[in-house]
Every structure is written in structure tokens, then in C-alpha cells.
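Trainee: Sharing a structure below in C-alpha cells format, with a few things to ask.
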Amino acid sequence: MQHTEQDNSHVRHTGQAPIFLIGMMGAGKTTIGRGLARSLGREFLDLDHELEARCGVSIPTIFDIEGEAGFRRRETQVLQEITLRRDVVLATGGGAVVAPENQELLRARGIVLYLKAGSDELFRRVAKDKNRPMLLTANPKARIVELLKQREPIYESLADFTIETSHGSINTVLDAIDRLLKDYQQRGERI
């Protein structure tokens with residue numbers, strides 16, 4: 001289980017800082033997020049699910065009607081609201097970090113965990129999922145490689161912590177996150 005830590009002095013420490021999970025589709029943000037929220041006694045939110053609930057339609061439908069640009073505008077609006085909440089674990093969409101405005105929201109308002117997985121593992125996890133508009137292409141594997149190449153530098157620059165999710169069980173990943181957060185707290189930081 002590889003993990004790295006970045007300078008997190010910019011994180012607000014009033015109350016219970018929200019925890020934001022970033023990473024590619026299939027990295028485990030929703031699954032790990034639910035488990036992390038449960039272990040911390042916090043509410044779990046999934047940005048894509050929140051967006052669907054507010055719009056009353058699925059993510060693929062938003063993409064069909066408004067395109068990626070329309071989807072990203074809506075995503076930013078919801079993110080602006082959710083990132084103000086304390087005591088939450090939020091799983092972002094894989095592309096939520098692309099907009100500079102979203103990067104600043106995440107960086108300024110909470111603790112950012114990058115859930116990292118290799119392209120082969122990401123493809124294995126999402127290959128049969130038809131609710132991934134970014135993969136509706138002739139070669140979804142190549143699309144994952146392309147998106148990862150574009151987004152990984154952003155994920156790495158935003159992350160307070162990076163957790164490798166390609167290997168090991170969900171519990172192994174949750175244990176690694178728990179150790180990181182306990183160490184963070186022991187240094188006097190508030191979670």
C-alpha cells in the first residue's frame with residue numbers, strides 16, 4: 001500500500017474538516033468513501049449522485065442534453081455548496097478536478113485524498129459500466145489512459161494524501177487511510 005503526504009497547511013481546521021476523495025473513475029471513491037464515512041461517523045456524499053438528485057436525471061442524460069461543458073458547470077455549482085459542509089466525506093467525480101475553480105474549492109475547504117489506481121485496474125473495474133459517458137468511445141481503454149495522463153498531475157497537486165487502491169482489499173485501503181488520518185491528528189491537526 002503506497003501512500004504519500006503533501007503539505008496540508010492550507011486546510012481549514014475549524015470544526016470537522018470535510019474529506020474529499022479524488023481520483024479516476026473506478027479508483028474506489030464511492031466504495032472507500034462509504035466505508036471511511038462509516039468509520040469516522042460522518043455523512044457520505046457522492047458528487048455525481050447529488051448532481052443527479054438535483055437535476056432529476058442521470059449523468060449520461062445530462063451529457064446527452066448539455067454536453068460535457070454543461071455537466072461541468074452544474075458539477076461546479078453543486079461542489080460549491082457541498083464543500084462548505086463539515087463532517088462529510090465527499091466522493092468527487094473523476095473529472096471534477098479539471099476546472100481550476102473546483103481545484104481551489106477542494107484545496108481551500110478540506111482534506112484531499114487521492115485514490116490512485118493504474119489504467120489496467122481502472123479499465124477492469126469500469127469496463128462493463130454503461131453509465132460512464134466519458135467511456136462511450138470505440139476504445140474505452142485508450143480513453144482511460146488518455147484521461148489518466150491528463151488528470152494525474154492535477155490529482156497529485158491537489159492531494160494532501162495519496163492512497164494506492166490497485167492492490168489489496170477495501171479494508172486494507174481503509175486501514176491505510178485510518179493510519180494516515182490518525183497520524184495527521186496526532187500532529188495536532190483536526191479532522
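Each residue, glycine too, has its Cβ placed from N, Cα and C.
Sharing the record's features from TrEMBL:
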| type | residues | note |
| --- | --- | --- |
| BINDING | Gly26, Ala27, Gly28, Lys29, Thr30, Thr31, Arg132 | ATP binding site |
| BINDING | Thr30 | Mg(2+) binding site |
| BINDING | Asp48, Arg72, Gly94, Arg151 | substrate binding site |
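Can you tell me where each of these features sits in this structure?
Mentor: According to its DSSP assignment, Ala27 (ATP binding site) is coil.
Within the same chain, residues at least 6 positions away in sequence whose Cβ sits under 8 Å from that of Thr30 (ATP binding site) are Asp46, Ala91.
Residue density at Asp48 (substrate binding site): 22 other Cβ atoms are found within 10 A of its Cβ, drawing on all protein chains shown.
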Trainee: What does the structure give for the C-alpha distance between Ala27 (ATP binding site) and Arg72 (substrate binding site)? Integer Å is fine.
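Mentor: About 20 Å separates the two Cα atoms.
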Trainee: Using C-alpha atoms only, work out the spacing between Arg151 (substrate binding site) and Gly26 (ATP binding site) and round it to an integer in Å.
Mentor: 14
Trainee: Which whole-number value in Å describes the distance between the Cα atoms of Lys29 (ATP binding site) and Arg72 (substrate binding site)?
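Mentor: With distance taken Cα to Cα, Arg72 (substrate binding site) is 19 Å from Lys29 (ATP binding site).
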Trainee: Spatially speaking, which of the binding-site residues Asp48, Arg72, Gly94 is closest to Gly28 (ATP binding site)? Use C-alpha to C-alpha, please.
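Mentor: For Gly28 (ATP binding site), the closest Cα among Asp48, Arg72, Gly94 is found at Gly94.
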